[in-house]
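Taken from Swiss-Prot as is:
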BINDING   LEU156, ARG157, LYS158, ARG159, GLY219, GLU220, ARG221, LEU222, ARG223, GLY224, ARG225, LEU226  heparin binding site
MOD_RES   MET137  methionine sulfoxide
REGION    152-162  region 'LDL and other lipoprotein receptors binding'
REGION    204-273  region 'Lipid-binding and lipoprotein association'
REPEAT    74-95  repeat '1'
REPEAT    96-117  repeat '2'
REPEAT    118-139  repeat '3'
REPEAT    140-161  repeat '4'
REPEAT    162-183  repeat '5'
REPEAT    184-205  repeat '6'
REPEAT    224-245  repeat '8'
SIGNAL    1-18  signal peptide
Amino acid sequence: MKVLWALLVVTILAGCRAEVQPELEVQAPAGWQSGQPWELALGRFWDYLRWVQTLSDQVQEELLNSQVTQELTVLMEDTMKEVKAYKSELEQELGPMAEDTKARLSKELQAAQARLGADMEEVRNRLAQYRGEMQAMLGQSAEELRARLASHLRKLRKRLLRDAEDLQKRLAVYRAGAQEGAERGVSAIRERLGSLVEQSRLRAALTSQPLHERAQAWGERLRGRLEEVGGQARDRLDEVREQMQEVRAKMEEQAEAFQARLKGWFEPLVEDMRRQWSDLVEKVQVAVRASTAAPSENH
């Protein structure tokens, strides 16, 4: 009997010791500090919640004026927005994956995403409830309310961490499926291109002789066409040369006619001037003879 009482006392003391030992801090994964944008956003939410859990004087003050809940709302919305953006990015890379596999992965991922959102929503609601309780103080001390809130926040942080890691794993599976599908798509494209190249080579080998013959025929037609055009050009050049000769002959004829007309105009005038000049010279000569004859008679 004494042995049973001793065991009971030891058990009770061990339980009390376990209760007073501080609970280990829940640590966030290292990837939340340098991972995808949604992980970075979740890390900011986690760090802010860890600061709130200290329940310092500043936290108490901001809890009472709803600043904490407002900040958590912004961080929560940023996190869920980044999760949706990353999920959409992965969905665009799931083209070659089977539709049933894609639907199953998408459904599981959507459920994990909803659980994470519900966890963050519960954290915000619990803090809002604490603010209301502190303002009402219905038969409870502030110390009791803070202790109960701290305990509840520890549980919520554990649940948040668990659901966040679950979402992280499912996103990793989703991404692996996208990469595998993309690799299969690239392999299929490579095989298709190889087949097309081989078909092109075979077609070129089969059609090389007819192509050569068609090229020769085309060259002959082109040569004949060039000769025809050259003959037409030479004929046209001869025609232009004849027209130029005709024009030159007409211009020479017109020049001769104009010269004859000018000659007809000026010859009478020149003849009249010559006659007048002869008359003038003759008159001068007569006058000179008359003047030389007069002195001789006086002697």
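Placed from the backbone N, Cα and C atoms, the Cβ positions cover glycine too.
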Candidate with sparsest Cβ neighbourhood (10 Å radius) among MET137, LEU156, the listed recorded positions: MET137
Residue distribution over DSSP helix, strand and coil in the region 'Lipid-binding and lipoprotein association' (204-273): 70 helix, 0 strand, 0 coil
Tertiary contacts of the repeat '3' (118-139) (same chain, 6+ residues out, Cβ under 8 Å): 45, 49, 52, 63-64, 66, 68-69, 72-73, 76, 79-80, 145, 149, 152-153, 156, 159-160, 163-164
DSSP-derived structure type at the residue listed as 'methionine sulfoxide', helix or strand or else coil: coil
Between GLY219 (heparin binding site) and the residue listed as 'methionine sulfoxide', the C-alpha gap once rounded to whole angstrom: 104
